[in-house]
């Protein structure tokens with residue numbers, strides 16, 4: 001998986017277009033003249049500049065810049081929006097720390113009491129030894145499986161943190177790409193259609209990816225904790241040391257045609273397939289079905305400090321003929337360190353200049 005062939009994508013397929021988008025009390029989005037809201041200013045910074053970024057509260061009609069809010073809003077939210085003073089749902093409802101409820105929520109097949117029942121280390125080492133060859137002059141690095149937390153109580157806490165975030169986002173848990181009626185069918189996800197070609201995930205790395213998914217099905221969870229930050233919103237922290245090249249998660253959600261999502265203002269769409277025929281381009285939409293990938297934040301790639309925070313890379317792969325997007329550690333990650341990746345990669349279309 002050399003850097004010369006790695007395809008790193010932005011988190012959103014297309015940046016919000018410059019425009020005068022404001023939300024009024026009727027809860028409908030409309031394009032207006034700047035003069036119509038010339039007397040509207042941001043309650044946070046006091047400025048009336050950047051009217052296209054001013055969001056009106058549906059209760060008090062006061063204005064707020066998207067980038068002045070904490071957490072920052074990447075785009076105008078769907079449905080009614082209320083400012084911090086008018087929001088009646090300030091208290092976060094935590095998912096109960098009850099094993100049976102967690103097992104049901106994540107559809108765990110067989111809760112495991114010991115990590116030794118499903119140990120990835122020995123199996124992977126055996127496979128790699130069998131696959132070694134003396135004729136290979138340059139050793140290719142392989143993806144690593146995550147090491148689950150050994151403490152079962154801590155694993156429950158990790159899963160509870162994700163369940164809390166998913167409930168708050170109104171999404172169901174899924175660890176696979178989902179194909180819903182009325183959206184793109186699974187047959188549309190054909191990696192051979194990729195316009196510039198797509199890196200094929202090797203047999204060993206495919207087995208490692210499946211190993212990670214099987215561990216999660218059995219309750220062996222990656223050492224990740226979802227926390228709520230007043231500035232960043234939900235974000236993800238490493239709950240143990242994570243080695244470079246470790247698979248963090250697959251980016252999942254509903255697969256749909258990009259053409260169906262042109263008017264979608266969700267801020268978490270991910271490119272899945274880019275073809276020579278725009279009508280066949282696919283995106284991943286995690287607003288209804290998602291996993292922990294949805295809550296991993298992006299860096300501000302306009303500043304050196306922001307770029308230094310990046311510890312993951314986003315890579316698309318051909319996995320058995322289908323496109324998949326993986327988030328992989330691109331360096332060793334310390335316990336307690338928050339996870340970040342570049343929403344843009346080589347295409348600078350996603351606006352990150354106001355990211356914390």
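Note that Cβ sites are derived from N, Cα and C of the backbone, with glycine treated the same way.
Sequence annotations record features per position, and here TrEMBL assigns region 'Disordered' to 1-33.
If you look up TrEMBL, you'll see 39-89 marked as domain 'PHD-type'.
Residues or ranges marked as domain 'SET' by TrEMBL: 222-344.
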DSSP-derived helix, strand and coil totals, residue by residue, for the domain 'SET' (222-344): 16 helix, 54 strand, 53 coil
DSSP-derived helix, strand and coil totals, residue by residue, for the domain 'PHD-type' (39-89): 3 helix, 7 strand, 41 coil
